[in-house]
Amino acid sequence: MNLVLMGLPGAGKGTQAGKIVEAYGIPHISTGDMFRAAIKEGTPLGLQAKQYMDRGDLVPDEVTIGIVRERLSKEDCQHGFLLDGFPRTVAQAEALETLLSEIGRKLDYVIHIDVRQEVLMERLTGRRICRNCGATYHLVFHPPAKPGVCDKCGGDLYQRPDDNEATVANRLEVNMKQMKPLLDFYEQKGYLRHINGEQEMEKVFADICEVLGGLAR
């Protein structure tokens, strides 16, 4: 089975990706992992990507697509894959369609884990970290026994600047603007399946399995 997994920050994409690859025996392929592997292996495309990344520039689509092609040609992808973090744009999605066609493959589904912005805000702004030992808490989902105090060492809990409301709201807005055209593209192609990501973790996974039920494991 050939899948793309989509969702905004805080939607639980990483958790569900882990469950999918374990249940269906396909590799979880993230953009970052692909780049790191290509750079480590010293492939020509990996070295090109490294030059851009070292300068803090975006890696051009042609290099990214080339690295995706190399990754999908590996033995562990013969029975399927789960792409996460790619494609990010309609141009990349179109290039992926072409690439898959050239190697005799096609996407089965694009799974979108759908969570309302206010729920994402609660999830992302609730994180608190111990200044002393680094333990992580969440005001709603994993609160400390005593507000503002670490259960483990008694240290002071704080909110990272990246987790404040203004920063999180901006991050979600940027991601949504980027993702919307991609969702529309895959909707028109008939690949897109929306999953309610506001449910319990196991129910989200059960709904994903229901979508994938017609595909061979």
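Heads up, the Cβ atoms here are built off N, Cα and C, so glycines get one too.
Secondary structure at G12 (ATP binding site), as computed by DSSP, is coil. The annotation ATP binding site is assigned in Swiss-Prot to G10, A11, G12, K13, G14, T15, R127, T136, Y137, Q199 on the grounds of sequence analysis.
The list of residues near the region 'NMP' (30-59) in space but at least 6 beyond its ends in sequence, with Cβ under 8 angstroms from a Cβ of it, reads 66-68, 70-71, 84-86, 88. Annotation comment: Swiss-Prot describes 30-59 as region 'NMP'.
Counting Cβ atoms from all protein chains shown, T31 (AMP binding site) has 19 others lying within 10 Å of its own Cβ. What Swiss-Prot lists as AMP binding site is T31, R36, D57, L58, V59, G85, F86, P87, R88, Q92, R160, R171, and the listing cites sequence analysis.
On the 0 to 100 pLDDT scale, the region 'LID' (126-163) averages 96 in the predicted structure. The region 'LID' annotation in Swiss-Prot covers 126-163 and is backed by sequence analysis.
Taking a C-beta cut-off of under 8 Å and a sequence gap of six or more, C153 (Zn(2+) binding site) has these contacts in its own chain: C130, N132, C133, A135. Taken from Swiss-Prot, the feature Zn(2+) binding site applies to C130, C133, C150, C153.
Shown in sequence order, R131, N132, G134, A135, D151, K152, G154, G155, L157 are the same-chain residues outside C130, C133, C150, C153 whose Cβ sits within 8 Å of the Cβ centre of the Zn(2+) site.
Closest by Cα distance to F86 (AMP binding site), from the binding-site residues G10, G12, G14, R127, is G14.
As a summary of secondary structure, the region 'NMP' (30-59) carries 22 helix, 1 strand, 7 coil according to DSSP. Spread of the ATP binding residues is 22 Å (greatest Cα-Cα distance among G10, A11, G12, K13, G14, T15, R127, T136, Y137, Q199). A Cα-Cα distance of 27 Å separates R127 (ATP binding site) from R88 (AMP binding site).
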